Amino acid sequence: MSIEFKNITKTYDQAPVLENINAEIENGEFFAVVGPSGCGKSTLLRMLAGLIDITDGIIKINGKQINGLAAKDRNLTMVFQDYALFPFLNVEDNIAFGLKARKMPEEEIKKRVAHALEMVDLSDYKERKPRDLSGGQRQRVALARAIASDAKICLMDEPLSNLDAQLRVKMRSEIRDLQQKLGLTLIYVTHDQIEAMTMADHIMVLNDKHVQQIDTPLGIYNQPANEFVANFFGSPKINILSGNYQSNNHEITIDKYLKIKVNKKLDKNDYVVGIRPNQMDFETIDNLKEGNASVKNVSNLGSQTIVSALLDNGQTVRIVKENQLSIAPGERIKATSRGDAFVFDPEKRNLAAISVGV
Amino acid sequence: MEEENNLLDAKKQNILENSKKSILANKISVKKNDKFYALLFLGPSLLLLILFIFYPMLKTIYLSLFLTNGNGQNTVFVGLENYVSLLTSSTYLASLGSTFVYVIGVSVLTIFLGLLLASTASKNVRGSVFFRTIFSSTMGVSISVSAIFWLFIFNPSIGILNQVAAFFHLPILNWSTDPNLAMISVIISTVWMNLGFAFLVLFSAFESLPLSLYEETAIEGVGPVYRFMHVTIPLISPTLFFVSIITLIESFKSFGLIDLMTAGGPNNATNMLVYQIYQNAFLNGNYSQASAESVILTIIIAILTFIQFKYLEKKVSY
């Protein structure tokens, strides 16, 4: 089942919440919609589901326009953030609810429910009420209900945000496996960039009513369309610094040691530079008068060390090193760039140039 | 030297014992304090309960076992005689019957209409806030005002109802003289009075329904009737249970509307249990019989509430 959004616009009382959204989703694709809260990602999902009206534009499923179609006739299923389980029904009846309402034959319902329960490994819990299940199990009941409906398009609205961190990691791979096994076209809404990066085939980044970028996870990471996307993806966060462009040597200078080379000629003086923390480096300096920054904070994560430092010109940088370091706040360092960096236009904030190595 | 040491030891011992004593004393005083504070906090409500509930209750049971004179003084102990004469009196049994008709009519209609209004008002349409206020406004109307208001409507000669009926050439009905119509008019007025409360409580239950469950049913293609019966009703069942018990008990106890609208008439058609108690005690001066009736009414309400808890609560899903 392929899906197409064409110039989708949604307004509430004349105030637009989404403007000119265009996207194409292929059959069997895991498509993540990512953005900060309030960016309209859930609204987009609900328009596709048929739960709210489309103000303007066209949505197609398999090439067929579905704008006026009722939710039930769109042949899709949805998993909600709060799981939307009926508290008064046990697991089995929760999964069978929609099938019963559609008056499916008893035999078929039984078969589907059993199959779905097996898929999510909950066969032993079918008599339980939702309140007697853990968060992860409830989540799986919701997944089982989606499986039982046999729809080939599945929409998920932040399905993992109510789970604890460890369970979230586990469910990520389970959902991905399920999607592959059933050949689902899955639209997955999340505010968590790691979820999107690890699960999706393609990611749509939404912010401020507009699509910022649609690309593969690596495409988004390696070539962010603008400062927002660069800022949103990657952990720890990218360093956004201001620098001056020198046309004679195609260099952008942030301070006396922190410089990057750009791959093309630019026409402005001031630019915004994005350098990922792992593309920064530093060495410790004994003399307090030298170097270009003082260490503010050190986080040792075991496999890596995150150092945050204050440059002498007042900007803060985060630097990641892939080893354990003994360095303390207050120490002087010389912070430098390893080479890879993004250059953004100071006004429009979109990507102006890329720097690859010095 | 040794003596001095001994003296010191004795002093230490003394201090130790003293401190033990004071600790013990402290403990006791804490316990005493606890009881004192418990009584202090419980006191006012306990006093009110004893004064206005427990004492009258026991006194009523006591009175129901005697014959009383016109001043309410006991004369002869008659045991259960009052109860026997009540349960064999055709007037009382008729009153029991009409009370049940009234209570069932009021409860069923109140809950049905309350559900209807609450589910309508909870839809987010233009003007629903206005209607929410209107629907719950009967809570602010006093019983006497609404009784007079309904009397104006039902009055056979000048009432609005009959005037409208005349305008449309419909039969003109004698609301105050026909026993069946009198019962219906009392039921309608009581339902109208109760509806504000039922609406408000049910409406709040409708407002707290989780949206995602309804989105789920929309995607699953569940029809509106099926959805109401299989999703909405189970979800609001705790509230529904609460409203049904309150409405049932309240309608058993209703007095003001009946007193003002029909005074038990015509021909005892609307002479409910509570109204009969009032008549016996304060019009006929038959306190012992009124007491016995009160005891029976209490038992009926207790049994019905028990049945509701026992059977209805099983169907309630929290």
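The backbone N, Cα and C atoms fix where each Cβ goes, and this holds for glycine too.
Annotated domain 'ABC transmembrane type-1' per TrEMBL: B:96-308, in sequence order. The transmembrane segment annotation in TrEMBL covers B:36-58, B:92-117, B:129-152, B:182-206, B:226-249, B:290-312.
Between the transmembrane segment (B:182-206) and the transmembrane segment (B:290-312) there are fewer than 3 Cβ pairs closer than 8 Å, counting only residues 6 or more apart in sequence, so the two stretches are not in contact. Packing against the transmembrane segment (B:36-58) from elsewhere in the chain are residues 298: each is 6 or more residues past its ends and has a CB under 8 Å from a CB in it. Highest Cβ pair count under 8 Å relative to the transmembrane segment (B:290-312), across stretches B:92-117, B:129-152, B:226-249: B:226-249. Beyond the transmembrane segment (B:226-249), the same-chain residues lying 6 or more positions past its ends with a Cβ under 8 Å from any Cβ of the stretch are 103, 106-107, 110-111, 114-115, 119, 194, 197-198, 201-202, 204-206, 209, 213-214, 217, 301, 304-305, 308-309, 312-313, 315-318.
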